[in-house]
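Participant: Before I ask anything, let me first share the structure, which is written out below as structure tokens.
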């Protein structure tokens, strides 16, 4: 490389010269694998931690009644519990007194006095030894509190995203990432030792806040160290951490069926993350945007040394470009193009998260073993993400995001008409469609994370990720509660998820394409996008573009 000056406008070219995805970048990705694996473990933890086993009213108090103790368990249940319309015994009500006449015939409880369970419940612990539902009797009239634990967690994630986005844009990616590691570890452990539902909910709220930092900072740090040609590969590779974490969760949950120990088990990888944090570099791109060229030069030299490209940095000298501007979330909405970008991306993120967690947090709706369902969902992600990589490389981000969301909506629409009957082929078709829909939803999540890091400028990238994550977690917070609408109309939840996916997919068509373009550094690059860097073969060239 010819002699030059390290400046903001030359950063992408220099990064390409020292290898945009070499040993340095691979080491960066590997160091963060363990911390990123904890994200799906906690985000999907309610599938196991808050599972509701089969249950019925505790009728042990009736044992003292004359003749009741001589009955078999099935007979005791038949005379104590009313039958539902489908013939199964009620989980939430009991007869006010034993109805011995049902020993000789069907349990037709019409006209018979029933009451809510008076002495708690008996739970089937064959699958789960203990869950939140069994710990604090969060069933029947309290089942909303059980669903609310997921909502409370994601409200924490929602509020943590903009907070950590602001802090990492202000103080750097590396330093705030350590703060996120330590606070996540602390609050997760405290939640495992909660002595009441209120204490548990508060600890899960703060756990969600802390984990939001890991989610948004790690993805930005990785992408900011990758060259233009390698961003797609980097984004997909990073997303595989979620797949590994999902598989890890299934294995741990299968072996550890007590909810307190499960929390500790899935949080344990963060201990190693704290130990390996010292080997993480700061984002040189962020340092340049902050006018700290000397520090950026130091990390670029380290990158060149690890990638065996030291000659490329021999003639590059840092030039400090001071900037007094302090950027905040308000800057996302001050100017026309940035405002459109923020609104469109917010809608898409809401739709992606709302539908993804609507599918993922309701795996029991398929009627298949929860461990098997989660394993199938996670296993399909690897071939899906491989396909996403090639699609993004050849076609682009905008069409990929739009197509994956619309496909998710179509799958949800199809399953509306596939009733949960007793025919095996209906179960098979319903499960296959659900798996395809889950895969498309996961594809939309994989794409939007990479996409967002590319269309927001460096000076507000973490603010942008914080804002979009805030909107996404708003959707996630609401998503589990949508299932409560089935008490109003059983088809209302799937119709809602379907409609949101289709609307979000349509809005995704309004976002700008970022395939092979230079990462914008300043808001001016969005407001006046006259020239962007793109790839032709192995060469970097300039070309004219406009904001769509």
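Cβ coordinates are placed from backbone N, Cα and C, and glycine is handled just like the others.
TrEMBL does not curate its annotations; it predicts them automatically.
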Participant: For the annotation transmembrane segment in TrEMBL, which listed range does it cover: 432-452, 516-536?
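Facilitator: When 432-452, 516-536 are checked in TrEMBL, transmembrane segment belongs to 432-452.
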Participant: Which one of 128-147, 148-167, 288-307 shows up in TrEMBL as transmembrane segment?
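Facilitator: Among 128-147, 148-167, 288-307, the range TrEMBL annotates as transmembrane segment is 148-167.
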Participant: Among 148-167, 205-223, 491-511, point out the range having the most Cβ pairs under 8 angstroms from the transmembrane segment (341-359).
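Facilitator: Answer is 491-511, with the largest number of Cβ pairs below 8 Å.
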Participant: Would you kindly list the residues that approach the transmembrane segment (235-254) from elsewhere in its chain, counting only those six or more residues past its ends and only Cβ-Cβ distances under 8 Å?
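Facilitator: Distant contacts of the transmembrane segment (235-254): 29, 32-33, 36-41, 44-45, 47-48, 218-219, 222-223, 262, 265-266, 371, 374-375, 377-379, 381-382, 385-386, 388-389, 392, 445-446, 449-450, 453.
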Participant: Find the average pLDDT over the domain 'Major facilitator superfamily (MFS) profile' (97-516) in the predicted model and report it.
Facilitator: 85
Participant: If we skip the immediate neighbours and take only residues 6+ beyond the ends of the transmembrane segment (260-280), which ones have a Cβ under 8 Å from one of its Cβ atoms?
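Facilitator: Cβ under 8 Å, 6 or more out: 27-28, 31-32, 34-35, 37-38, 41-42, 45, 48-49, 130, 174, 177-178, 181-182, 184-185, 188-189, 191-193, 221, 248-249, 252-253.
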